[in-house]
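The following features are taken from TrEMBL:
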BINDING   K95, 140-142, 148-149, 178-185, 270-271  ATP binding site
BINDING   D258, E271  Mg(2+) 1 binding site
BINDING   E271, N273  Mg(2+) 2 binding site
DOMAIN    99-300  domain 'ATP-grasp'
Amino acid sequence: VFISKDGQWVKGPLLSERPQNKEVLHLTWAQTPEETGEFSGKRISPSEIYEEEAIVFPVLHGPNGEDGTIQGFMETINMPYVGAGVLASANAMDKIMTKYLLQTVGIPQVPFVPVLRSDWKGNPKEVFEKCEGSLIYPVFVKPANMGSSVGISKAENREELQEALEEAFRYDARAIVEQGIEAREIEVAILGNEDVRTTLPGEVVKDVAFYDYDAKYINNTIEMQIPAHVPEEVAHQAQEYAKKAYIMLDGSGLSRCDFFLTSKNELFLNELNTMPGFTDFSMYPLLWENMGLKYSDLIEELI
């Protein structure tokens, strides 16, 4: 089942081979199966996806995909699905909620300031003062509820902060401003329900300013270092923080936990992604492959 960007559901035959990720992501509704003949498929309503003895693998990102919405829909129609439930999906998707929840269990995170669009419109000067009183430039501005690095901007001064907030508020009524730091980005894969397992961390090696949507999915301007070249104690600490965050947010099935690692080997948790990417160049399956769990066996275990 394919869901277009305008919300149309299309049901087609089983795929005989793995689709090419870049091509699929460039599709628009004008290029969907019915119009091109590239695939055979038909438009359906969401309720038509129900099948006896079927399991849904919701490989969806962003609002309505990994924020608990589709998970709640599956539970309503009694369809079993892979991954986190409604509560964990919603909490992990909301960057502000994640920050506050993980603060309660002592997991280190970079300083941040939450900003409401209503406050920004009502008194932008006060928002500037709040951000500049708590953080120093550069900062990163993100919509509170978006996936795949959509709407994220880096700001080096007040003018850029204004532009970054306006961009973030295109996607959400709440934004988060985070302290920018010089750091490597390392990631830990998580698997399981009651018996939670973690991988050794891998590192995202970038040749771009930051890891945005195009870098992740379209241009592939990143490299993976698996396992990451970090001290053993840092790797162990990352695994422990990842497991602790996963349990705190009521994770299940799978997640990927992302960290910043400074030159002083300080770890700061960035986010817990409850439905990590499964593309040819995604970190999650590659981390498990490094641990001896093949892609096909990983899928079987998740199902």
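Our numbering is plain: 1 for the first residue shown, then up by one each step along the chain.
Cβ coordinates come from backbone N, Cα and C, glycine included.
Because TrEMBL annotations are produced automatically, they should be read as predictions rather than curated entries.
The two recorded residues, E271 (Mg(2+) 1 binding site) and E178 (ATP binding site), show a Cα separation of 12 Å. For the domain 'ATP-grasp' (99-300), the mean pLDDT of the prediction comes to 92. Sequence-distant neighbours of E182 (ATP binding site): residues of the same chain at least 6 apart with a C-beta under 8 Å from its C-beta are T262, S263.
Separating the Cα atoms of G180 (ATP binding site) and D258 (Mg(2+) 1 binding site) is a whole-number distance of 15 Å. Annotation for the binding-site residues K95, R184: lowest Cβ count within 10 Å of the residue's own Cβ, R184. Taken residue by residue with DSSP, K95 (ATP binding site) is part of a helix. Neighbours of N273 (Mg(2+) 2 binding site), defined as other CB atoms within 10 A of its CB across all chains, total 24.
Note: the CA-CA distance between D258 (Mg(2+) 1 binding site) and N270 (ATP binding site) rounds to 5 Å. Within 10 Å of the Cβ of E178 (ATP binding site) there are 21 other Cβ atoms, across all protein chains. Distances between the Cα of N273 (Mg(2+) 2 binding site) and those of the binding-site residues K95, V141, E178, R184 are shortest for K95.
E271 (Mg(2+) 1 binding site) counts 21 other C-beta atoms within 10 Å of its own C-beta, drawing on all protein chains shown. DSSP assigns G180 (ATP binding site) to coil, not to a helix or a strand. Every protein chain shown contributes to the tally, and the Cβ of N270 (ATP binding site) ends up with 20 other Cβ atoms within 10 Å.
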